[in-house]
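Written out below as structure tokens is the structure these notes cover.
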Amino acid sequence: MLSRHIDLSNIGPEKERELKRLIAIESISWPTVILAGVLLTIATIVYASGFAGALPLWLGCLINAIVGYYSFSVIHDAIHRSAAKDNKLNDAIGYMGLLPLIPYVHLGLFRWAHILHHRFANEDSDPDSFFHGPSWSLPFRWAFIDVHYLFFTLQNQTKVSRKYFHATLRRLAVFLVFLGILAASGYGAEVVLLWLIPSRIMFLLMGFSFFWLPHVPHEVTQKENFTRATTIRKGWEGLLNIALQYQNYHLIHHLFPMTPFYNNYKVYKLIEGDLDRYELAIQKNMHINPDIKTGEIVQA
């Protein structure tokens, strides 16, 4: 069965083969590895030149924020173990994405919380429900995704999450000591402008683009209607595929979570006709609120 949530039994053998190819985990996802390598290299250059006084700190701040934002795809694919078939290699790629701005986070902690999101999207049990709320509060919620996940893990401890929680605390303690040494050595401005502010901008952008926007208006739970709880965004693909890192087709990600991020659009185009049989939440162009497209199958 290709998906538990939509009926693809009539797509035909050729489309089925292509779908299986697109959603399969590659031995090594080279686009993800290359992206991770490029981002880590840029961040390294920014830190080195920023601390050496060769790069204006405001420019380094902007570059690192962008680096952090695009690290999302590396981290996210590694969370779903789609960066590589070998788990150790997959996680190593994931840590390449974490290293520029959030090296204190254990990948397993993000993975544990994110899998809960996939299981309970838009429900009270969804850890990402924290990132929905009154408009005035949203920037503050989004800017501290890492802090929320730490508190959520503390409040919802299991045998698995406890291990990752304590590992993250240990890493955080070491990281804070390192930052303290840098600040005490006269590099306080560099710490603030090259790490603190960019990391919060990174989370702010991620919170809007990936935690909040794809589930607007947050009224239907995944359990109630799988294909309506998560949106598809149509239009301006040339711009938005890059700007939103192919999560403008976020429903595809929820249907096939291990699909490499760069294949989401291809999967959507392949099964678009089959998806149209279902009730869908479709965001058009730059619109935030989706139009609800009725289909012959309402409950998915």
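Glycine is treated like the rest: Cβ placed from N, Cα and C.
Range with TrEMBL annotation transmembrane segment, chosen from 133-152, 233-252, is 133-152. Residues of the same chain lying 6 or more positions beyond the ends of the transmembrane segment (21-48) and with a Cβ under 8 Å from any Cβ of it are 2, 55, 60, 63-64, 67, 70-71, 73-74, 77-78, 81-86, 89, 93, 96-97, 99-101, 194, 256, 258-263, 266-267, 270.
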